[in-house]
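K.L.:
Mind having a look at this structure? Questions to follow.
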């Protein structure tokens, strides 16, 4: 019983931390893009995030191998002596770099709550990529939940709520298009990375190091092409505040923490986490940005939360529910005969 209590407490802890990271990241990023007077370069923030992720992955690899010598050997073998593998992981690096930059564009033009709801479109995008790239199939309930989620997002975007305390110029259409690109990138990169992971026995942290090394190169190119002249004039860390540092920290830790949390939670808990993050982001948006909640937003957000829960339901539960009806049908056929 004690072990079960500890297990439940740990799962609740994982759920709480994952929810807080998701909600805080969205709200903090929105705050830094709409309130700060000296706006920082989002491309440099994405680059710094990749560097921190690389360092964290190296630490986790050292912990996994249990020895710095073994860690060094793994890095030399799988990184410096495996250029093909490094090139293979450059594909999701490019896609994730685009996704992360699109998040900054989206939250510069959309409220945090609207973003949080709309970003759940990553679920149908990931599902579609899984069907096409991994030849997986979805249950009828999952397909139904996907269409329900899309309907909920449509309601939210139909008449987007306004933020009375945000004075900067915004383009909601640009924000929505940025989310559309981000969710497409998220779905493809996530499934591609899963396919690479399952194609060999290489450690997750080695794969992460390969990906983040490529990511640093890609994001540095992005800094040069997008903000190169201004970065040279004002500095790489221009406009950085404690809030910006918090955003970078959450972005760095969030993804890695989620990958670890998945080992100890299930899809239902992740669904509750996403729904809770939507609620927290909405409350924070009302308090910080003066978000005016509309009826369509409430209905759309509710549909999205329900669809996330339905999508994560275990398949075996569905089959168990269907078996009694099948038996009854067979019985009815026998009676008819």
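Every residue, even glycine, has its Cβ placed from backbone N, Cα and C.
Among the features that TrEMBL reports, transmembrane segment is placed at 12-33, 39-62, 141-160, 172-193, 205-225, 237-260, 272-291, 297-315.
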K.L.:
Under 8 Å, at least 3 Cβ pairs, sequence separation 6 or more: does that hold for the transmembrane segment (297-315) versus the transmembrane segment (141-160)?
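P.N.:
Since 3 or more Cβ pairs under 8 Å link them, the transmembrane segment (297-315) and the transmembrane segment (141-160) do come into contact.
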K.L.:
Do any residues of this chain, six or more beyond the ends of the transmembrane segment (39-62), have a C-beta under 8 angstroms from a C-beta of it, and if so which?
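P.N.:
Contacts with the transmembrane segment (39-62): 32-33, 68, 71, 74-75, 97, 100-101, 104-105, 203, 205-206, 208-209, 212-213, 215-216, 219-220, 222-223, 226-227, 230-231, 236-241, 244, 247-249, 251-253, 255-256.
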K.L.:
Let me spell it out: take the transmembrane segment (272-291), skip the flanking residues so only those 6+ beyond its ends count, and list any with a Cβ under 8 Å from a Cβ in it.
P.N.:
15, 18-20, 22-23, 26-27, 30-31, 34, 111-113, 115-117, 120, 161-166, 301, 304-305, 308-309
K.L.:
Should anything in the same chain at least six residues away from the transmembrane segment (205-225) have a Cβ under 8 Å from its Cβ atoms, list it; otherwise answer none.
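P.N.:
For the transmembrane segment (205-225), the far contacts come to 41, 43-44, 46-47, 50-51, 53-54, 57-58, 60-61, 64, 74-75, 78-79, 85-86, 88-90, 92-94, 96-97, 101, 193, 196-197, 231, 236, 256.
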